[in-house]
Structure formats: C-alpha cells, structure tokens
Amino acid sequence: MLCALLLLPSLLGATRASPTSGPQECAKGSTVWCQDLQTAARCGAVGYCQGAVWNKPTAKSLPCDVCQDIAAAAGNGLNPDATESDILALVMKTCEWLPSQESSAGCKWMVDAHSSAILSMLRGAPDSAPAQVCTALSLCEPLQRHLATLRPLSKEDTFEAVAPFMANGPLTFHPRQAPEGALCQDCVRQVSRLQEAVRSNLTLADLNIQEQCESLGPGLAVLCKNYLFQFFVPADQALRLLPPQELCRKGGFCEELGAPARLTQVVAMDGVPSLELGLPRKQSEMQMKAGVTCEVCMNVVQKLDHWLMSNSSELMITHALERVCSVMPASITKECIILVDTYSPSLVQLVAKITPEKVCKFIRLCGNRRRARAVHDAYAIVPSPEWDAENQGSFCNGCKRLLTVSSHNLESKSTKRDILVAFKGGCSILPLPYMIQCKHFVTQYEPVLIESLKDMMDPVAVCKKVGACHGPRTPLLGTDQCALGPSFWCRSQEAAKLCNAVQHCQKHVWKEMHLHAGEHA
C-alpha cells in the first residue's frame, strides 16, 4: 500500500502533463516527448519535460558547457539594457557549437520557433534554467540518457583511449632493468596487485564496483556500474597485455638509467651546509687533466679569505668572486673563471665560515691528501667573453645555470608525464569522441610540445626578462669593495692594484707604517 501511495503522485503528474492528442509517436512516452523542445511542443509536454527531465544533471561536453554559461549570463539580468531579441540571439549563437550542420540548423530553428518557451525557462530558477534551456535545444544531454546509451569501445577506440601508456609512438621508451625510486616501486606494486586480481577473473571495473558502487544504493549503483564498465575496459586490457615494469615505465613512473646528476644538499663536516655538485664518483681518483685543480682552488679561496678579513658579508663575497680572477696569475685565469662560474653558490656560503682547505674539500676539488680533481666536463663551462665584458650582475650567471638545468630536466620521463597530464586536462571538456582524438593528438605531438617549451626557456632571454641579467652598468658607490676606501685599498698590494690606489697607499699609508716601525725599532 505504501509503495502504491508513493507511486501515485508521479502517475498523476505524468497523466496531467501527458498530451491529450497528437501524432502517433507521442504515445511512446516521455523518452520521445523530451528528446528536444520541438517534439515536446508537438506532444504538448513542454511543462512535463521541463520539470521531470530537462532539469536533471547533464553529461559533460563542450557545447553544453558553452550553452549553460551563455544561458546563465543571459538570464541573470546583469545587463538590464538587453532586449528579448538580444537574449535570443545569444542563445541561437550557441547552436553553432553543435558538431553537424544539420543539428546546428535544427537548434536555431527551435530557438526561432519557440522563443516564448525559451524566454519563459530563462526566467525560472537560476540554478536550473540554463540546464533546461540547453537540454531542450539538444545542446546538453541528460546524464542518465548518456550513460544508458554508452556501448563498450571498439578495438580502434580502445587503442586510442589507453594513450599514453599503450601508444606505440613517441612514448615508447627503452626498457629498464629494474625499478628504482619510491614512486616507481609503488607503481609496480599497485599494478602487480591489480594483475593478480585480473588473473582471478575479476576485472578492474569489478574491483571498483565492489569498493565504490555498492555503497551508493540501488538507484545510483546502476549508473556507477555502467560508468565504470565503459571507462575501465581499456585499462583492464592493458593490465592483461603488459608486465608491471613496462606499464610503469611507459606511464613515466619509472625513470631510465643514467639520469643526469642533480644538485643535492648534503650535511658537511663541522655542521656547515654544502651545496655540493652531484658529480659522478669513480672508485679510483680522477686523473688530473686540463681544468680546475686543488691548487687553483686553494689560490683563489686564500685570496678571497685575505680580502675579506674585515668584512665577510654575503654581498662582499659575491663582489669579490666577480673580481678575484682578474688578479690571478695569467697561467690560471681560465681555470679561475671555471671555478667561480661552477661553484659560486657554494663558495658564497662557505668562504665566510671555514678555512680555504676545507672549502676546497667540500666542493670535492681537494681530497684528504690534497690530490687534484678535475671539474666534470658538463659543468666546466667558461663564461662567454660577452658576459664578462657586460658585467651583467652577480645573479645573472646563477639564473642562466638554473634555467639550463630546468631545460635539461624537461627530458625527464616523469616531467614529460606531468606536462602531458596538464595538456590532456584541456581535453576533458570535450565530448568523448573529441576527447579521445584530443588526447591522441597531445600524445603524438608530445616531442614538438616539449621542444617548444625548451625554446621558450632560452636562459639568456628569460633571465634578462625577469631582470636577473642587465646591460653594462658602471658600479655605483657603495656596491664596490673599492668604495670602502683606504682601509681596503691598502690592505695588500693586490687590493691596491685592484682599486688603482698603489701610489696613494705608498705615499699616505705604507710610508707612514714604515716610519712608525722604524721609530719602535
């Protein structure tokens, strides 16, 4: 009895809204009445469809999203000067988003023929009016109808839907021997678990149905199961075809061997942090070749240490690093430039805190027995003459080095995976057939996209754009160590030469120092 009472209002509502007369097709019920505004008007069921079908959740698609946005803007009264003709023209414009000319023309005809019904719907509740209008014009499809009409994907669609990890195109990577890293291991473990379940005749959709859908109740559980079946079939097929390592490698969760060394922070002796370069270590000591040696490092750092006895602020160290190579002997000037260019971030942190010998040990140019080490070729980049001549700023070189490393990191498989995910996110607003084609396009053209990003990350251009590098400029008073005056100029012969103050120091400082020394003697 209770069930009958609950059913009675819906039956009465359907009877009241049902057409009393009309074509024979109207006798087929609401499935036919509510397919669009034209049919509903012909069957006299506009009111019923508006309240029972068109106000329900809709399937996501580009025409539907555009239509609902425009309908919401047209119906919210934000433009009080908009006439009814203006509103109808906006709604008619959305019909152009339909995929075929025939459906677009039919949509425009309905807007023109049933303008009063459309305006009436737009004046309704703001939260339901856009969906009602757009579903009535066939720009949106009710979600329940969309899921009910889905069919399993064909073999051709399945191949495209499983991209990128099933695509045999640009993302076919060389297999690695063993998974490494926490992310890779987690991926392999998860895929192995799913494959074991698949082997026991449980599909991936079944696993999710058991965990997710059963708790939703009988009404939503059917929609949930239908949805999962359609979208997990491609992944289920991939699980049956590929081993775990292959799936995770193709998905970008496992890196290839021989990834480029990266900068790592390590805890140094005496508790001083060292930005040590992640250079490849060998069991035997590197044979010394042309480049930066332990002796060059010691010479440069000792000179810096001597200059900075009274002022060892980070700014002063940075300025000293820019000038130190100009006072080095000509035989090691080139090596000095390489040293400063490669290790300046570490030197700035370390010079003020520890002895020169420890500095050179920290950056691995001096071993325990002070045997010579060579800087790895990948980092031994001599600054171009233009850079030295322009004096572009202390942060310029670091900025360019940072962007160069970032550009190289674009080759990382995990980075490529993240970029692909970002690009494919834009495909999600398209209807399913277009979404598959969009994702396939992104996968096919991934090398071109990555290369374009690398071109946009030109280190010199970007660093100039953000102001890290500037054109030639004369050092201002207070930004140069020579601006400290005689207390710095006359500290040593090298400092006097550096500041062009040899005569001044000889006449006013060193001469007086010799006189005082003679008096005390």
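One is the number of the first residue shown, and numbering goes on along the chain from there.
Note that Cβ sites are derived from N, Cα and C of the backbone, with glycine treated the same way.
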Cysteine from Cys3, Cys26, Cys134 that Swiss-Prot links to Cys67 by a disulfide bond: Cys134
Candidates Cys297, Cys427, Cys438 - disulfide partner of Cys360 as recorded in Swiss-Prot: Cys297
Densest Cβ neighbourhood among Cys140, Cys427 (disulfide-bonded residues), 10 Å radius: Cys140
Cys254, Cys336, Cys399, Cys438 screened against Cys366 (disulfide bond), Cα within 10 Å - retained disulfide-bonded residues: none
Other parts of the chain folded back onto the domain 'Saposin A-type 1' (19-59), taken as Cβ under 8 Å at six or more residues beyond its ends: 13, 68, 106, 109-110, 113-114, 117-118, 121, 128, 131-132, 134-138, 140-144, 146-147
Neighbourhood of Cys67 (disulfide bond), C-beta criterion under 8 angstroms, separation at least six: Val91, Thr94, Trp97, Pro130, Val133, Cys134, Leu137, Leu139, Cys140
Summary of DSSP states over the domain 'Saposin B-type 1' (60-144), given as helix, strand and coil counts: 59 helix, 1 strand, 25 coil
Residues satisfying Cβ distance under 8 Å from Cys463 (disulfide bond), sequence separation of at least 6: Cys396, Cys399, Lys400, Leu403, Cys469
